[in-house]
Amino acid sequence: MSDYTQQLQDKKDHLKTLFAGLDVPEWEVYESPDKHYRMRAEFRIWHEGGEMFYAMFEKGQKAGGASLIRCDRFEAASEAVNRLMPELIAVAAQSAELRNRWYAVEFLSTLSGEMLVTMIYHKRLDDEWMQAAQALQQQLDTSVIGRSRGQKIVLKQDYVTETLKVGNRDFRYRQIEGGFTQPNAAVCQKMLEWACGAAEGLGGDLLELYCGNGNFTLPLSEKFERVLATEISKTSVGAAQWNIEANGIGNIKIARLSAEEFTEAYTGKREFARLKDGGIALTDYAFSTIFVDPPRAGIDEETLKLVSQFDNIIYISCNPETLRANLDTLVETHVVERAALFDQFPFTHHIESGVLLKKKIL
């Protein structure tokens, strides 16, 4: 058994143990490539003896020489990131402006090889730095952002555009520097396919909480009459609106509300001008399904009460422990019809999963 297969088996075993006692069907398993799967990568820049190189540190240890791991290559990162890593450090090393007090770097890439590089400094970035960075950007044919305390200098653009294939259609996504995106694009496509399969035939309208940049929203919109999606981050809402327009989708509306705020609006406890200003009347919708992709903490108690009111629930989770806790409540009213493991993060303990629940027929 390969190292990859073994770690995936360990995750399956963990889920079976964690969800023991719940009536959960056989877990569908979606594998990742075993290398070059991460579209994002972050490194410290380590300066030593006149040389500088990419570095990480041993987990759980203080960053320093004793825990230092030199990273000339990083097999988990996309091939585009690995190609650019030696070129970037070689060019930057030739410029005092780029080299001096360069502290860290973040790479954001796409399946097509588009790249955004954020160079983080412990100094104020001035015109001389900008000139050197523009020359580097042109030489490497990439987009560069400079960051320092209180500074963000965008030389060309602060996003990449990813294209993900779901079924027979390509969806374009603007991914903003610093915004949340699924790091494993190959597995993300499998997650989108699974979610669309889970939604097949449900009909009616869809409510989505925690929609981010519209990652799931866009392909799911093809399975429902109308979609109302909520997200609290202004950056993510802006990206989602661009993504909706860029893909020519006309049945999605975005409300900039947290899950807790939407629960208050839906139950009539509070009125929000943001809904009215967006031309959103909750009474216009006939929701058959709710889609949730919450943060690691899972769904809060009040929102969970709201979720349990829907006939169909599609729940994507980045934390199986909080999913288990939420399911302990949801199985009082619903049955788990499908369950899936998505190996978004190979060779780590992190597990991404998804479940489809349908209301019990009493």
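Cβ coordinates are placed from backbone N, Cα and C, and glycine is handled just like the others.
The active site, nucleophile feature in Swiss-Prot is assigned to CYS318. Sequence-distant contacts of CYS318 (active site, nucleophile), defined by Cβ-Cβ distance under 8 angstroms and a gap of at least six in the same chain, are ASP293, PRO295, ARG296, GLN344, HIS350, GLU352. For the recorded site, CYS318 (active site, nucleophile), the DSSP three-state label reads coil.
Cβ contacts within 10 Å of GLU352 (active site, proton acceptor), excluding its own Cβ and spanning all protein chains shown: 24. In the three-state DSSP classification, GLU352 (active site, proton acceptor) falls within a strand. Per Swiss-Prot, the feature active site, proton acceptor maps to GLU352; the stated evidence is sequence analysis.
TYR210 (S-adenosyl-L-methionine binding site): 22 other CB atoms within 10 A of its CB, across all protein chains. Per Swiss-Prot, S-adenosyl-L-methionine binding site is recorded for GLN182, TYR210, ASN215, GLU231, ASP293.
Taking every pair among GLN182, TYR210, ASN215, GLU231, ASP293, the residues recorded as binding S-adenosyl-L-methionine, the greatest CA to CA distance is 16 Å. The Cβ of GLN182 (S-adenosyl-L-methionine binding site) lies under 8 Å from the Cβ of CYS188, MET191, ASN215, GLN344, each of which sits 6+ residues away along the same chain. Annotation for GLU231 (S-adenosyl-L-methionine binding site): spatial neighbours TYR210, CYS211, GLY212, VAL237, ALA240, ILE254, ALA255, ARG256, LEU257, criterion Cβ-Cβ under 8 Å with sequence separation of six or more. All chains included, 21 other C-beta atoms sit within 10 angstroms of the C-beta of ASP293 (S-adenosyl-L-methionine binding site).
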